[in-house]
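> Below is the structure I would like to discuss, written out as structure tokens.
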Amino acid sequence: MEMKLPGQEGFEASSAPRNIPSGELDSNPDPGTGPSPDGPSDTESKELGVPKDPLLFIQLNELLGWPQALEWRETGSSSASLLLDMGEMPSITLSTHLHHRWVLFEEKLEVAAGRWSAPHVPTLALPSLQKLRSLLAEGLVLLDCPAQSLLELVEQVTRVESLSPELRGQLQALLLQRPQHYNQTTGTRPCWGSTHPRKASDNEEAPLREQCQNPLRQKLPPGAEAGTVLAGELGFLAQPLGAFVRLRNPVVLGSLTEVSLPSRFFCLLLGPCMLGKGYHEMGRAAAVLLSDPQFQWSVRRASNLHDLLAALDAFLEEVTVLPPGRWDPTARIPPPKCLPSQHKRLPSQQREIRGPAVPRLTSAEDRHRHGPHAHSPELQRTGRLFGGLIQDVRRKVPWYPSDFLDALHLQCFSAVLYIYLATVTNAITFGGLLGDATDGAQGVLESFLGTAVAGAAFCLMAGQPLTILSSTGPVLVFERLLFSFSRDYSLDYLPFRLWVGIWVATFCLVLVATEASVLVRYFTRFTEEGFCALISLIFIYDAVGKMLNLTHTYPIQKPGSSAYGCLCQYPGPGGNESQWIRTRPKDRDDIVSMDLGLINASLLPPPECTRQGGHPRGPGCHTVPDIAFFSLLLFLTSFFFAMALKCVKTSRFFPSVVRKGLSDFSSVLAILLGCGLDAFLGLATPKLMVPREFKPTLPGRGWLVSPFGANPWWWSVAAALPALLLSILIFMDQQITAVILNRMEYRLQKGAGFHLDLFCVAVLMLLTSALGLPWYVSATVISLAHMDSLRRESRACAPGERPNFLGIREQRLTGLVVFILTGASIFLAPVLKFIPMPVLYGIFLYMGVAALSSIQFTNRVKLLLMPAKHQPDLLLLRHVPLTRVHLFTAIQLACLGLLWIIKSTPAAIIFPLMLLGLVGVRKALERVFSPQELLWLDELMPEEERSIPEKGLEPEHSFSGSDSEDSELMYQPKAPEINISVN
């Protein structure tokens with residue numbers, strides 16, 4: 001029997017709600033453009049043009065000791081931004097009480113331990129859902145209820161024909177009883193009377209201080225709403241009483257909820273005593289229903305009882321039933337690492353609920369929509385000269401003021417610290433290598449100055465200011481080859497290099513004018529991973545190589561080694577210093593003659609020898625045998641400490657704020673730890689060397705390079721040939737890095753600037769060539785580290801929920817400050833000289849390992865060493881045979897090995913062509929692998945994307961709901977796959 005209030009029809013909605021302030025309603029009648037009930041991310045909601053529905057918090061309360069000591073206890077629940085309170089009212093005979101709450105996942109109050117349990121996935125009994133449906137079908141349904149207080153709301157839901165005035169008064173007094181929350185003191189605190197309610201005062205309507213200061217409030221996002229579910233057994237009720245209310249405007253219902261939030265929903269489930277936990281389980285079922293995003297989306301738009309029941313039926317169709325005896329219902333299922341997508345549930349909901357539909361996308365289309373450059377407006381040809389450059393400028397100018405204002409955040413400070421140290425280390429490392437490769441024509445000072453000038457200019461004018469310019473391994477290889485060529489043909493190196501730079505700038509400008517950057521659409525994951533793996537291996541190789549070189553500078557002293565002998569000579573009548581000099585080195589360790597005044601220094605250390613008036617003699621007197629081992633200790637300490645601190649963010653230790661701080665400043669803390677350890681022991685480890693004088697490394701040359709010098713004029717024309725190869729290298733290096741940084745899964749809002757970036761690099765090539773400074777291009781690893789240090793994640797995270805990736809903090813200031821500090825480092829030598837070089841080498845190793853471990857290529861290499869039964873459940877292994885996966889990985893390994901061999905041999909002059917050849921190899925793979933396999937192993941090229949329907953991929957992967965695994969994982973929102981530890 002449906003119970004209605006007198007005059008209920010006056011406020012029961014006949015259409016979708018109109019007064020929801022969060023704007024959930026769809027004003028567009030077009031069913032193809034409506035909001036999605038999924039709402040897994042704010043970004044998707046913005047793409048659809050509607051706000052996201054609020055999160056749902058659910059709280060379960062229990063009444064103890066009725067009627068002598070009326071007291072409510074919370075048992076609770078919450079889901080993303082709707083707060084629900086569920087009060088459970090047992091009868092006189094019920095003395096036990098349960099405490100639960102849901103903040104996206106269920107938490108149970110451990111009464112004995114006095115704490116909340118770990119969040120877990122709630123499980124329900126199927127009969128409780130069926131009984132709940134029956135009770136709601138026969139109960140009271142009020143939509144757009146105008147109640148403005150708890151008293152008005154209680155009067156509305158209890159004004160039913162089946163209740164006598166006396167029972168109605170008792171029930172109202174019970175519902176108006178102030179609940180006893182977990183964080184409050186015990187004792188009965190009645191709200192508004194005992195048997196008959198009275199008008200509430202302003203103080204009684206105001207939320208309590210405990211509600212406003214509840215720590216749980218910080219875990220709920222702004223705009224969160226509350227819903228209340230009251231369920232329980234009352235002996236004085238003769239028949240069940242059910243009511244579901246949706247308030248027209250959200251209202252704060254006094255101290256009813258644990259957290260002070262405006263309430264939107266109210267559900268009442270009462271009835272006479274029954275065996276078991278019938279109403280308790282029905283209350284849990286109602287709370288779980290309201291925490292479900294699909295049900296919540298439907299009930300917000302429901303216009304009558306039929307819509308409400310249809311939403312519940314849709315939920316029942318999605319329920320998974322576990323057979324009895326095969327699963328313990330009391331077992332707690334831990335939260336998944338990544339929440340499943342709701343897209344696969346759309347078809348069933350669209351069949352049941354009248355409302356805006358969501359257009360269906362095939363998984364293939366969606367995969368490319370989230371690809372690195374699919375449908376990117378920056379990569380569309382305009383057909384005009386410099387058309388792409390003009391479009392990039394027009395696109396970036398409106399964002400220019402915000403590029404500086406968005407940097408006013410503490411996170412940017414930590415990013416500056418780490419990227420500055422990484423940039424300085426890179427400048428010193430590559431400056432030293434460049435000095436060795438060019439016999440001092442360029443050195444550390446030129447590296448510092450060039451990094452500061454080129455990097456700062458690029459950050460101010462580039463289309464993607466998050467890019468960090470630096471010397472790179474491939475460009476260094478080309479510089480070495482160019483210097484060797486100049487020396488072999490007796491050419492003046494810097495003037496010849498100037499003409500090469502002029503030609504490179506010219507070729508790059510031609511590429512900009514002809515919009516050649518649109519060719520990056522052919523740079524698929526195969527090319528990106530090959531290049532990224534090569535750069536990461538260069539970082540690892542250089543870090544380990546530099547560390548091993550320290551063992552030559554500071555050799556390890558082995559016991560009994562004759563090369564490190566040390567004797568103490570005492571002046572005396574028989575002492576003959578000339579005899580020591582004439583003694584062969586191999587025989588000096590055997591000389592322990594008092595006639596010569598010599599004593600083995602192992603018995604008398606050199607400082608003691610000097611104090612007693614002797615003279616230490618021998619090559620081992622001034623050798624500190626611990627430097628090599630201690631440098632290795634600093635190297636490994638900085639590496640492992642940075643890795644450990646980065647992993648703290650996802651660990652169980654410390655509060656979330658502390659974990660995030662340690663993770664953000666992991667590299668800086670690792671460097672400080674290494675410096676402190678070095679200062680504590682006081683060993684003479686090699687320190688960071690910063691130039692102290694502002695003058696060119698090569699004596700006798702000025703800051704401007706003469707165009708000709710001693711070279712014949714025709715060499716200025718011949719320089720075009722090596723410049724062509726270098727242009728290919730610059731284009732590939734710059735654009736591959738740009739493609740990686742501008743992938744759509746990074747959720748960049750300000751757009752890319754492929755043409756503008758290449759134009760800036762061309763101008764800087766001309767400037768650095770004229771000043772005799774190193775050439776600079778986008779540094780893949782450091783740029784990725786820069787972006788990773790600026791990751792934005794949601795602050796409000798429910799217990800058990802991982803922070804949602806929101807995007808990157810896009811701005812220009814961090815890079816600009818980094819390069820200004822790099823230039824000023826020449827004047828910071830008194831401070832920087834205390835940083836040990838092994839510590840910086842450890843950070844270099846850390847960056848290379850983190851970048852290498854974050855790409856899919858590395859995971860596929862691991863599969864080569866795993867038996868099939870121990871392999872992880874990767875999505876690609878469900879759709880591609882394992883032998884085909886191994887074949888694809890083997891081809892990538894062969895290409896990577898070939899690139900490394902060519903880079904390390906005199907044939908490195910063709911290294912740029914080999915990078916370009918990666919695109920050709922990927923194109924040839926279309927003859928070896930099917931489009932279906934390439935779709936999962938790599939990405940399809942533009943021609944393959946257009947032919948997807950023709951090749952039959954769409955029917956196989958179409959989103960039909962039957963293949964739940966594909967549908968869920970294909971639409972799974974993911975953060976960028978880079979895990980480079982930065983600050």
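Glycine residues also receive a Cβ, built from the backbone N, Cα and C atoms like all the rest.
It should be emphasised that the depicted structure is a prediction, and the values quoted were computed from it without experimental measurement.
For reference, Swiss-Prot lists these features for the protein:
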REGION    1-48  region 'Disordered'
CARBOHYD  N183  N-linked glycosylation site
REGION    186-205  region 'Disordered'
REGION    332-357  region 'Disordered'
TRANSMEM  415-435  transmembrane segment
REGION    415-983  region 'Membrane (anion exchange)'
TRANSMEM  443-463  transmembrane segment
TRANSMEM  500-520  transmembrane segment
TRANSMEM  530-550  transmembrane segment
CARBOHYD  N576  N-linked glycosylation site
CARBOHYD  N600  N-linked glycosylation site
TRANSMEM  624-644  transmembrane segment
TRANSMEM  665-685  transmembrane segment
TRANSMEM  712-732  transmembrane segment
TRANSMEM  758-778  transmembrane segment
TRANSMEM  815-835  transmembrane segment
TRANSMEM  837-857  transmembrane segment
TRANSMEM  899-919  transmembrane segment
COMPBIAS  946-957  compositional bias 'Basic and acidic residues'
REGION    946-983  region 'Disordered'
CARBOHYD  N979  N-linked glycosylation site
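Help me picture these features in the structure, burial and contacts included.
Proximity of distant same-chain residues to the transmembrane segment (415-435), defined by a Cβ-Cβ separation under 8 Å and at least 6 residues beyond the stretch ends, is recorded for 442-448, 451, 455, 468, 470-471, 476, 479, 542, 546, 665, 667-668, 671, 688-690, 697, 774, 779, 782, 785-786, 789-790, 814-815, 817-819, 821-822, 825, 832, 835, 840, 843-844, 847, 982-983.
This prediction places the mean pLDDT of the region 'Membrane (anion exchange)' (415-983) at 77.
Counting only same-chain residues 6+ beyond the ends of the transmembrane segment (530-550), those with a CB under 8 A from a CB of the stretch are 429, 472-473, 627-628, 631-632, 635, 686, 732-733, 736, 740, 780-781, 837-838, 841-842, 844-845, 847-849, 851-852, 855, 857-858, 892, 895-896, 899-900, 903, 915, 918.
Non-local neighbours of the transmembrane segment (624-644) in the same chain are 547, 550-551, 554-557, 564, 666-667, 669-671, 673-674, 677-678, 681, 683-686, 836-843, 845-846, 849-850, 981; each lies 6+ residues outside the stretch with a CB under 8 Å from one of its CB atoms.
Counting residues 6+ beyond its ends, the transmembrane segment (665-685) has Cβ neighbours under 8 Å at 414, 417-418, 421-422, 624, 626-627, 630-631, 634, 637-639, 641-642, 645-646, 648, 834-840, 842-843, 846, 981-983 in the same chain.
If one looks beyond the transmembrane segment (758-778) by at least 6 residues along the same chain, the residues whose Cβ comes under 8 Å of a Cβ in the stretch are 389, 430-431, 434, 441-442, 446-447, 449-451, 453-455, 457-458, 461-463, 467-472, 475, 479, 494, 497-498, 500-502, 504-505, 508-509, 511-512, 517, 696, 701, 703-705, 730-731, 733-735, 737-738, 741.
Under 8 Å from some Cβ of the transmembrane segment (815-835) lie the Cβ atoms of residues 416, 419-421, 423-424, 427, 445, 448-449, 451-453, 455-456, 458-460, 465-468, 671, 674-675, 678-679, 687-692, 694, 786, all in the same chain and six or more residues away from its ends.
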> What stretch of 443-463, 500-520, 712-732, 837-857 shows the most Cβ pairs under 8 Å to the transmembrane segment (899-919)?
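Selected stretch: 712-732, with the most Cβ pairs under 8 Å.
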> Can you tell me which parts of the same chain pack against the transmembrane segment (443-463), counting only residues 6+ beyond its ends and a CB-CB cutoff under 8 A?
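For the transmembrane segment (443-463), the nonlocal Cβ contacts are 392, 395-396, 423, 426-428, 430-432, 434-435, 469-471, 689-691, 693-698, 751-757, 760-761, 764, 767-768, 771-774, 776, 812, 815-816, 818-820, 822-826.
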> Quickly jot the same-chain residues contacting the transmembrane segment (500-520) by Cβ under 8 Å, restricted to those at least six beyond its ends, or write none.
373, 379-382, 385-389, 482, 719-720, 722-724, 726-727, 730-731, 735-736, 738-739, 754-755, 758-759, 761-763, 765-766, 768-770, 775
